[in-house]
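Reviewing the structure listed below.
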Amino acid sequence: MTNALQTGVIRLQEATQSIRVRMRNPQKVRGVEAWLLVVAWAIAGGAIMMTQLGALGAIDATVLYLAGGLGLLTLAVHIVLRFVAREADPFLLPIVTVLNGLGIAQIYSIDIANGHEGWAADSIRQVAWTALAIVAAIIVLVVIRNHRVLTRYRYLSMFAAIGLILLPMVPGVGSTINGANVWISIGTFSFQPGEIAKIFLAIFFAGYLMTARESLSVAGKRILGLRLPRMRDLGPILIVWLLCMAVLVVQGDLGTGLLYFGLFTVMIYVATGRREWIIIGMVLVVLAVGVMFTLAQTHLSEAAGLGLGRASDRIDIWLNPFDQELFEQEYGGSGQIVRGLFGMAHGGMFGTGLGLGRPAITPQAADDFIFASLGEELGLVGVFAILALFFILVTRGLRIGFRGPDDFSKLLAVGLAFVIAIQVFIVVGGVTRVIPMTGLTLPFMASGGSSLLSNWIIIALLLRLSDSIRKTQEVDA
Amino acid sequence: MNRELTRVSALVLVMFLALFTSSSIIQSVQAESLNADQRNSRTIIDSFVVERGAILVDGQPIAQSVPSNDLYNWQREYTNGGLYAAVTGYNTLDQGNTGIEGAMNAELTGTSDSQFLSEIERLLTGRDPQGAAVSTTINAAAQQAAAEGIGDFTGAAVALDPETGEILAMYSSPTFDPNQMAVHDSQLVIDYYNQLEADPAAPLQNRAIGGDLYYPGSVFKMIVASAALKTGDYTLESEFDNPAELKLPQSSSVVKNSTEGQCGPVTDDKVDLETSIVYSCNIPFAQLAAELGEDTIAAEAQAYGFGQPLEIPMGVTPSSYPSDMSEANLMLTGFGQYDVRVTPMQMAMMSASIANDGTLMKPNLIDEIVTDNLTVVSDPQPEVFANPSTPGIASTLRESMEAGVDHGYADLAQIEGATVGGKTGTAENGTDNEPYNLWFTGYAEQDGKKVAVAVVVVPEENISGQGSNEIASPIAKSIMEAVLNS
C-alpha cells in the first residue's frame with residue numbers, strides 16, 4: 001500500500017518535473033498563469049452569476065461587485081508576480097481564485113436565502129476581506145524578496161505566535177463566539193488571531209528545526225524499545241507546543257489545537273526522519289484525549305468555564321448523530337451536523353444547482369458548514385472537483401518542498417502545504433463524519449476574514465518559495 | 001529529507017482519499033435513506049414545491065394539489081375527504097404522512113427510482129417538477145355503500161375482487177377530515193391531531209387493516225371448518241354431540257349456542273357440520289377445535305394469512321391466533337373467542353379465497369401509477385398471495401356459506417339474482433355485556449362478476465334482535481350490490 005502510494009507520488013513528481021522543463025522560460029510561466037486565471041475568472045464569475053440567476057431569476061449589479069472585485073484583485077496579484085516573482089508556480093493563484101470565487105458564490109446563495117443585503121451580506125464582506133487578504137499577500141510578496149530572511153526572525157515568530165494565541169484572553173479585547181474564546185473584537189469586526197499564529201508557528205518550527213535537526217536526530221535513552229531523543233534537544237520545541245495546546249484547550253478551540261499538533265508532528269518528522277516522533281505524537285494525543293474525558297466527567301470544566309466539556313459532547317455527536325435526544329438538544333446537539341448531512345444528501349450526485357438548494361437550513365451554513373452547502377448545491381461532482389483542487393494545491397506546495405534548495409525552504413514549504421491539507425481534512429472530515437466535528441473553516445471558501453487573510457498569506461509565501469527555487473536552479477544550471 | 005516528504009505526501013493522499021470516500025458515501029450510498037429521514041426538512045419542503053401527484057378513484061381525484069400563494073406553492077385538497085380517509089391517509093407539512101400519501105410518497109413527489117428517467121428529462125427541458133398520479137382500485141359506489149351502511153357505528157368494511165385481489169372498498173368509522181391535516185399551519189395541524197388522538201373512538205385508526213384488531217367470533221368458524229375438511233376426516237355431514245350446554249374441561253365456564261338451546265331448527269342428539277355453520281352453533285365447533293388441536297388450527301389460520309406481513313401498500317397488521325393454550329381456551333377459539341384477533345382485511349381475504357377456488361390473491365390498492373405525461377410508471381398485476389385450500393374444499397365451504405345465506409343466520413344478505421354465500425359472527429368483548437363485534441363476511445357472484453366482503457360494526461349497546469345478521473348483513477349486501485351493479 002505504502003509502496004504503491006510512494007510510487008504514485010514519485011510519478012506525480014516526474015510528471016510535474018516534465019511540465020517544469022517545458023516552462024523554463026519565466027515569461028512562459030506567467031503566460032500559463034494568465035491563461036489559467038482567465039479560466040478561473042470564468043468559473044468563479046459564472047458561479048456567482050448562476051447563483052443569482054438560480055435564486056432570483058435575474059442578474060443585477062451585485063454580480064459585478066462580487067465577481068469583478070475578485071477578478072481585479074487576483075489580476076493585481078498576477079501583475080505583481082510578473083515584477084517580483086516571475087518564476088513562481090503558475091497553478092497556485094488560479095486554483096485559489098477558483099476556490100475563493102466558488103466560496104463567494106456559495107456564501108452569496110446563503111445570503112439571498114437569509115435576505116441579507118449590502119454590508120450585512122456575508123458575501124460582500126467576504127469580498128472586502130478578500131481584498132484585505134490579497135493586499136496583505138501582495139505586501140508579503142513585495143517585502144520578502146528572499147525567503148531566507150525569515151530564518152533570522154524565527155524566535156520573533158515564536159513570540160508573535162504565542163502573543164497572538166494569548167491575545168483573546170486579554171480582558172477587554174477577547175470575546176467568546178459559539179463557545180470558543182478565540183476571537184478579538186474591533187468595532188463590529190471579529191478576528192481570530194490564532195489563524196495568523198499558525199503561519200508564525202510554521203516559520204518558527206522551520207527555522208528552529210533547520211538549526212536543531214542534527215542534534216534532534218541524535219538518539220538518547222532507549223525506553224520500551226523506542227530510541228527517544230535527548231531531553232535537552234526536545235525541551236524548547238516541546239515547551240512552545242505544550243503552551244499552545246494548553247491555551248487552545250482552555251479556549252475550547254480543538255480544531256486549531258489539532259492543526260498545530262499536526263503541523264508540529266509532520267515538520268519534526270520531516271526534519272529528523274525519526275518515526276519515534278510520530279509515536280510520541282500519538283501518545284500525546286491519547287493522553288490529551290484521556291485528560292479531557294476525565295475532566296469532562298467531573299464537570300470541573302463547565303464550572304471553570306473551560307472548553308473541555310465540548311470535546312466529549314462532540315465525540316458523542318460524532319458516533320450517534322441520529323440519536324433523537326442528541327438531535328433535539330439545543331446546545332451542543334447533533335442537529336447541525338445532521339442537517340449538514342441532509343443537505344449533502346439533498347444535493348446527491350449532481351447537486352441542486354447554485355442558488356437552488358436550501359443550505360441555509362443548516363446553522364452556520366456559510367462558515368463551518370460551507371462544505372455541506374457546496375455539497376448540496378454542486379453535488380458530489382462539485383465536491384470532488386473542489387477536493388481535487390485542494391489536493392493539487394497541496395501537492396504543488398509539497399513539490400516546492402521536494403525541490404527546495406535548503407532545509408529551511410523545504411521545511412517551510414511542507415509546513416505551509418500541510419497546514420492547508422490538515423485544515424481541509426479537519427473541516428471536511430468533521431462535516432462528513434470521518435473525525436469528530438471541531439471548529440475550523442475551509443480555507444479560501446468559508447466566510448470569515450481571519451481565515452482568508454492567513455491562507456492568502458500562506459499562498460504568498462508558497463509563491464515566494466517556488467520563485468526562489470526556480471531562480472536557484474537556474475543559477476545552478 | 002525527501003524520503004520523509006514522500007511519506008508525508010502519501011499521508012496527504014490518504015487524508016484526501018478518506019474525504020473523497022466519506023463524501024461519496026453520504027451523497028450516493030446513504031443519500032436515499034438520509035432524504036427519507038422524517039427529520040429532513042429539505043425533503044418536506046421539496047415535496048411541497050413539486051406538484052404532488054393526485055390520488056384517483058375511477059379517474060376522479062380524491063386528493064390533489066392546487067396552487068397556493070404561500071411558501072409551499074401547493075395546497076393538498078381532499079374531495080370527499082372523510083369518505084376516503086382510510087385510503088388516502090393524510091399529507092401534512094411536517095407531521096408525517098399516512099395511508100397512500102405515506103406509502104406512495106416517493107411516487108407522488110416524483111422521487112421514486114422508477115421516475116428517475118422522467119426526472120432527467122425534466123432537468124433537460126426545464127419543466128416544473130411534478131409527481132405521478134396514483135390511481136386506486138377503489139370502486140366509488142362500493143366505498144359509498146360501505147360508508148352509508150356503517151353510518152354512525154364504529155367499525156370497518158373491506159371489499160375485494162376475489163380473482164385479482166383488487167381492494168374495491170376500504171372504510172373505517174369514525175373517519176376524519178384529511179383536509180384539516182393538510183393546512184399550512186403546523187399549530188392548527190397539531191391541534192386537530194391532538195383532538196383526534198384524544199377522541200375515545202380513535203378516528204385516526206384505520207380499523208380495516210390495523211388499530212386494536214377485532215375478536216372474530218363465529219366468522220372464524222370457516223377457518224376451523226376448512227382445517228377440518230383439509231384433514232380428510234371430516235365432511236359437511238360429520239356429526240357432533242348436540243347438548244344445550246357444554247362445560248369446558250378444567251374450568252367452571254360453560255359454552256352455550258347463541259339460541260341458548262340445542263343446535264339447529266330440528267333438535268336431535270347429533271348435529272352435522274353444515275347445520276353448525278348455517279345456524280352458527282358454538283358447541284359443535286368447541287368440540288371440533290378440541291379434536292383438531294391447536295397446531296392444526298394455527299397452521300390453517302396461517303395458510304389464510306394470519307401472522308403474515310402484508311403491504312397493500314400500507315402495512316396491514318397481521319391477525320393472530322393464540323398459542324400454548326389450555327384445552328378450554330382452545331375450545332373457545334373454535335368459535336373465534338378467547339384471544340383470536342383479526343383485521344376485517346384478513347376476514348375479507350378468507351372469503352375471497354373461498355370464492356376463488358382456494359387461491360388467495362394478494363390484496364392491492366394500486367391500480368396504476370401514471371406520470372403527468374401519461375407514461376405508466378407502474379401497473380401492478382394480480383399476484384397469488386397463498387393457496388390456503390383446494391378447489392374441492394373451497395367448493396364445500398361455499399356450499400355451507402350459501403346455505404347460511406339461503407336459510408340460515410346470514411339470510412339478510414340475500415341479493416336477488418346473485419349467488420351469495422356468507423357467515424355472520426357475534427364476538428364478545430370481555431365478560432360484562434360490553435357491545436359485541438357484529439360481523440359479516442362472504443361473497444357474491446353474478447354474471448361472472450365476483451366480490452368478497454367483510455364488515456364489522458360495534459354498536460353503542462347490545463340490543464336484543466339487533467345482532468350481526470340484522471345489522472352487518474345488510475351493510476355487506478349493499479356493498480356487494482354496488483360492486484355487482486357497476
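Numbering starts at 1 and runs along the chain as displayed.
Heads up, the Cβ atoms here are built off N, Cα and C, so glycines get one too.
Whatever TrEMBL says is automated annotation, not expert-curated.
Under the heading transmembrane segment, TrEMBL lists A:32-51 (among others).
Same-chain neighbours of the transmembrane segment (A:63-84): 30, 33-34, 37, 40-41, 44-45, 48-49, 52, 93, 97, 100-101, 104-105, 108, 123-124, 127, 130-131, 134, 137-138, 141-142, 145, 463, counting only residues six or more beyond its ends whose CB sits under 8 Å from a CB of the stretch. Positions annotated as transmembrane segment by TrEMBL: A:63-84 (among others).
What TrEMBL records for A:91-108 (among others) is transmembrane segment.
What TrEMBL records for A:128-144 (among others) is transmembrane segment.
Summarising the annotation, TrEMBL assigns transmembrane segment to A:156-184 (among others).
As annotated by TrEMBL, transmembrane segment applies to A:196-213 (among others).
Residues annotated as transmembrane segment in TrEMBL: A:234-251 (among others).
The transmembrane segment annotation in TrEMBL covers A:257-272 (among others).
Annotation comment: TrEMBL describes A:277-296 (among others) as transmembrane segment.
What TrEMBL records for A:378-399 (among others) is transmembrane segment. With a cut-off of 8 Å between Cβ atoms, the residues of this chain six or more beyond the transmembrane segment (A:378-399) that come close are 12-13, 16, 89, 91-92, 95-96, 98-99, 102, 344, 347-352, 354, 371, 413-414, 416-418, 420-421, 424, 428, 443, 445, 462, 466.
Taken from TrEMBL, the feature transmembrane segment applies to A:411-432 (among others).
Annotation comment: TrEMBL describes A:444-463 (among others) as transmembrane segment. Long-range neighbours of the transmembrane segment (A:444-463) within the same chain, counting only residues 6 or more positions beyond its ends whose Cβ lies under 8 Å from a Cβ of the stretch, are 81, 85, 88-89, 92-93, 96, 99-100, 102-103, 106-107, 122-123, 125-126, 129-130, 132-134, 136-138, 140-141, 144, 147, 189, 191-196, 198-199, 366-368, 370-371, 374, 386, 396-397, 400, 412-413, 416-417, 419-420, 423, 427.
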Intrachain residues whose Cβ lies under 8 Å of the transmembrane segment (A:32-51), provided they are six or more past its termini: 23, 59, 63, 66-67, 70-71, 74-75, 78, 81, 90-91, 93-95, 97-98, 100-102, 104-106, 108-109, 112, 353-355
